[in-house]
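Engineer: Below you will find the structure I want to go over with you.
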Amino acid sequence: GGCYQSCEPHTLKCGSVSFEAKCKSGWSCYPVTDNIASNACDRFKSCQDRWATVKETDAPCTSCVPGFQLTSRGYCSQDLNECNRNNGGCTNGKCINTEGSYHCDCDRGYLATSSRTKCEGVECEPLTLANGKVQSNKGSWIFGSRALFTCDDQARSVLDGPSYITCNLDAAGLTASWSGTSPTCQNDDEHDRFAEVFHLRFHGKKLDGVSLVTGLSPRSTAYRCHKDSTCQGIMTRAEEFEVSATGLTVYDGGVLTKTLGQSRADGDALTDDASMDIYTKVDVSSAAASSYQDVLDAMVGTSLGCYTTSSMASWEDYTLDDGRATTCNQICLQAGYDYFGIQASDKCWCGQKPPVEKVGDGECSTVCVNQANILCGSATTANIYQVYRDRSLGFCYTGNLGTETVPSAKTKDECVTVCRGQGYYTANIRNSGECFCDNSLPGGPRVDPTKCDEDGSGHSTVYMTNPAYFMSNDQGAQINPMTTRMYDDTGSVTGMTTGLFQRLPGLRIFTSDRLVLYSAEEVQFHDVQNDYADTCGEIKRIDGESDRSGDLILHFFHFRLSQLAKHTSDRASRVYIYAQKVVIDCDIQVQFSLMIRATKIVVSTGKVFKILVGSESSQIEMDVDDVKNNGPPRNLQQMKDSLQCARMLAQSWDDTEKQKLAFNILHEMTSPTAGNEAQRSVQTMASALKLQLEGMFKNDIHHVPSYSAAYFTYLMKADSDIVNAYAARLNALEVITTSRDDFLNYTQELEKIHQDTSIAQAKKRFDETMKLYKKEDLVYTKLQAAYDTALTNLRGVIPTFRKSIEAQEDHLRFKALLSFLELGVAAMDPAAVASVSKGFYDDVTDIAASSIWGIDQVVTNIDSFTDVMTNNLNEMMSEVKPYDGTKYAYEIEKVANMHVFVEEWRNFQVEVNNILGDDTVSALGGAGDYGRNLVKLTNIGMALTNAMINRAEKTRDAAQKRTTWDLLVEQGRRTTEVIKGFKAANSERAAANSVVAEQIRDITSEINGDLANFCEAYFFEKLEPCPKSTQPRFGGDLLSVQLSISRAEREAASLGLDGSPVSREVTITNTDASEDCIDVTQCPVTVFKRDRAFSYEVPIDNFDLSDWDKYRVKEIEVKAIGATPDRTETDLKLFVRSSGSFSGKSGGTHYNFLTDDFFCVYEYDINSPIDAPPESASGRCTVYARGSKKDMTRYATPYAAWMIEVD
């Protein structure tokens, strides 16, 4: 208050305020007088008044009211900007200065205190552990912290469950919850010292059936170790741990069902097994105790010396109960730290960097309570050690030994040192003395470590060289020869050299907590130049999609990192890039954390050498362990964009490379399973498309869709109306800068368009698809009934056929035939088989293997598929419950196999005709009826199988459209909520902008999907790609998409108008032949009246797609020469069907196409000269006609295979 005139402490009372008067630094002292005291009181009062004048006799003011500071004239009227110093103390937030005060605007995951001058992190609920302790690696339960669990009695208890769980933020950043449930402490009566050392030394903290098998405590007598697991190395070092291999106990499905002692007591034989070794303890007496202690002490990293704990403010501390440095090492290792320290044997410290205040070793002379060879600090100091990590691997491999030979290095340590110095990541020791350096794990499988001890074996033991990284690869019997993952488990790495990609060409993921690069495919390293062609176009980020904490999300299909500066700002703290392909084409040095998730990453040689992020940048909020296994988190919008791109690429029938790219995109999308419902819905659609592509690749089948020109004309018009409606409102929003009401009005209009137009359009698409589904379902149902009738009729004539067979002298031979025809060769009577001649038996066996089994399989699949599809239809028709696409995805895979069974039907029909054509068989009574019924069953079965395929395809299409509809409904709900918040002033304009942008993005994506469907139909109609102006524009705005729609609308009107010049004629002759004829082309019409049918194949050799129009069928005519009425009726019907499958090639590529079934009926009175001339009865079916009302692609194939039936 200006009262600085006294040398002695002196209390002055100014009104109701008391303060101490003392001398200010740099001022002289003189005795205190009442006058001085009075002046001091006056000056104190004036310093509390912002506008009080300063008298010349007044002592200078030294302080003002909080929030203000002195001007040069002595006034307290100048605002004090608290934010200029240490951000106002707003750690984890931004300081906002106001006149005379300030407040904190907190980052995501932090909430302001009641005074608004601090930001406190969102925390999870505290945890407890019965018979154990729970400690946080951050000293609190703030989000991102880990709860570390330990049991009190570590000598006789073990954790059953995770050793730690993580506190995770919710999507809004307002609450937090634990990633899992707490474990329990389970008692274990058996304990020995070897068990403890074994468990710690060989990463036994995770008892999950991989390193050690769950079900047996790590501190019990017998231990199990899979030979393909991390603990395999102990087999070569058993003596070091004073254990011996004793064989295998009873083993059942990965669970040890008996202890070693029980097996011995029961007299079980202990046999060798390739998958497991059992180790038991040996006597760890006092004589062996020193060896045990040496091993335990070796599990502590290098000592850095003694440091004061006062210089360790940034370190985390934990309670240490057992007084062992080994335990502290394990705590800090699990928490992800590089260094640990022990204070007075009871406190464990963990940190990322060494402390700064080092003292003499004499200040840390106290030894650990239970580890006498290790120093454990004092009351005010701590011994600091590097965290011990067993990075040596020590695994024995076959295969590549390395790219660099080091003759001078003979030992492991020498080899590792040399290889590290030369920049390699692995050191390989062969024959216990030859050193090789490399940057990847060997190409061969891992083998028994004892093989590496054999001179001349050619095997090598592999060690890691760089303590900052840990390499991992795909596990399995055959190790992937290339490294697939490299991660920094210390969290300290903030950059990398791109030379890493060159040395590790198979690298797919690099992970630290500030820099994450992920590629679903192997990273490519070459001079890319223009190797980033926009397969699907460029998808830019959604405008407004960034929050106030500085997180920025960018969406691209193809992105060059040299353009990163255009899309970021100084405000960014974390940048997330989601793309199909990322080109690293320049050095990158940024101050924000960077995460890239792409299907492919390409590094340009000679243009880029390093990627660095700021060491003080914010850590990326993610579970690093999950990233190591599954890659960075997904983004919903990128998943929807990726699916749309894959759909377009999958429809590139003339480009198999694009289809393979589509498959890779879908594979990356579908594995592993996404975390939330919306992402899983998109993932389900991707799974179905992936299965469809798998079927195409496996069976070389391309299903031709069914669309009409009228449908596309309507669809393009509707899409155009939607674009116009959205564009008008968006243009208005762009010019609104101040009026909140105007912004709200236009935003609400966009919401209404979304509800009335976009969602309505999505529902209409679904309804139209359901109409096609119902049409296919009706055909399927009729054919299914006909199939059941045909099967019943076939079984009805079997008794007559049986009696004729049994009446023959050689009845055993015919009994074998009968059992084969009924059930296949597996059911043939053994006695009958024995009496059959070898030649006949061989014929029957061959037919059974290729045909009868196939028919059984077809019938089985049809029966099961009917139930599945019926249930799916019922769910899809629900207007309330969203359709769960996971229920049909697996069945789509079956559809791919159904194409094969169409051919099985045909083969079966031919082979059965061969059997029935045997003179002896055809002479039997009832053989003709049996043959005719069997042939009809095969014809209907073929048509039924095709109908099932068609219906399944319609199911997939309907399910996709239903899922899209559901997603739009959900998006509309979120949009409504955001607008409500904006209306109530609970949310900012940026949030409304973001959700509107997302809405526009989805609509544009759907319209692009319509364009992709149009281009697919165009290809099958014109046999050439659709015009570029009609192709989807994935990176375009609404207006650019509008241009494509307009052109597609014009092109759609011209589709389906060209007729075909090709006609087919099928003639039935020789109508005077016997009624019991076998050759289907030699039978009279009266035979066909008894449900006889036959197949007709259009002869096509080396069909080329360029000859499409030569084989596209305009009409097919069936003639029955000399047809006459029978005794009962004169009506005659001709049924003509085709499977719609054909093969062809284009540019050397072979295609198999499948369209919808063609079916027509021609009916007339055989006595009428108008309907049928006397010399023949004929029916003519129009297959492909001129006119836009016909389905443009329904009859686009030549229909090479026909089934004709006369009734």
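Cβ atoms are placed via backbone N, Cα and C, with glycine included.
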Engineer: Identify which of Cys76, Cys104, Cys106 is listed by Swiss-Prot as the disulfide partner of Cys90.
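Structural biologist: Within the candidate set Cys76, Cys104, Cys106, Swiss-Prot assigns the bond with Cys90 to Cys104.
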Engineer: Looking at the disulfide bonds in Swiss-Prot, identify which of Cys76, Cys83 pairs up with Cys95.
Structural biologist: Cys83
Engineer: Between Cys106, Cys124, which residue forms the disulfide that Swiss-Prot gives for Cys119?
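Structural biologist: That would be Cys106, the partner Swiss-Prot lists for Cys119.
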Engineer: Taking Swiss-Prot as the reference, Cys185 is linked by a disulphide to which residue in Cys151, Cys167?
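Structural biologist: Disulfide pairing in Swiss-Prot: Cys185 with Cys151.
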Engineer: In the structure shown, which of the disulfide-bonded residues Cys95, Cys104, Cys106 has the fewest other Cβ atoms within 10 Å?
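Structural biologist: Among the disulfide-bonded residues Cys95, Cys104, Cys106, the sparsest Cβ neighbourhood within 10 Å belongs to Cys95.
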Engineer: Reported as an integer number of Å, what is the Cα distance between Cys185 (disulfide bond) and Cys167 (disulfide bond)?
Structural biologist: 21
Engineer: Mean pLDDT for the domain 'Sushi' (122-187), as a whole number?
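Structural biologist: Summing pLDDT over the domain 'Sushi' (122-187) and dividing by its length gives 80.
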Engineer: Counting each residue once, how many in the domain 'Sushi' (122-187) are helix, strand and coil under DSSP?
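Structural biologist: So the domain 'Sushi' (122-187) is made up of 0 helix, 30 strand, 36 coil.
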Engineer: If one measures from the C-alpha of Cys124 (disulfide bond) to the C-alpha of Cys106 (disulfide bond), what distance in angstrom results, rounded to a whole number?
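Structural biologist: Answer for this pair: 18 Å between alpha carbons.
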Engineer: I'm trying to understand the geometry here, so how far is the Cα atom of Cys95 (disulfide bond) from the Cα atom of Cys167 (disulfide bond), in Å to the nearest whole number?
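Structural biologist: Cys95 (disulfide bond) to Cys167 (disulfide bond), Cα-Cα distance: 26 Å.
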Engineer: Filter the disulfide-bonded residues Cys83, Cys106, Cys151 down to those whose C-alpha lies within 10 angstroms of the C-alpha of Cys90 (disulfide bond); answer none if the list is empty.
Structural biologist: Cys83, Cys106
Engineer: For the domain 'WSC 1' (300-391), give the DSSP counts of helix residues, strand residues and coil residues.
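Structural biologist: DSSP composition of the domain 'WSC 1' (300-391): 18 helix, 35 strand, 39 coil.
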Engineer: Using Cys151 (disulfide bond) as the reference point, find which of the recorded positions Cys104, Cys106, Cys119, Asn745 has the shortest Cα-to-Cα distance to it.
Structural biologist: Cys119
Engineer: Please give me the CB contact count at 10 A for Cys90 (disulfide bond), counting all chains in the structure.
Structural biologist: 24
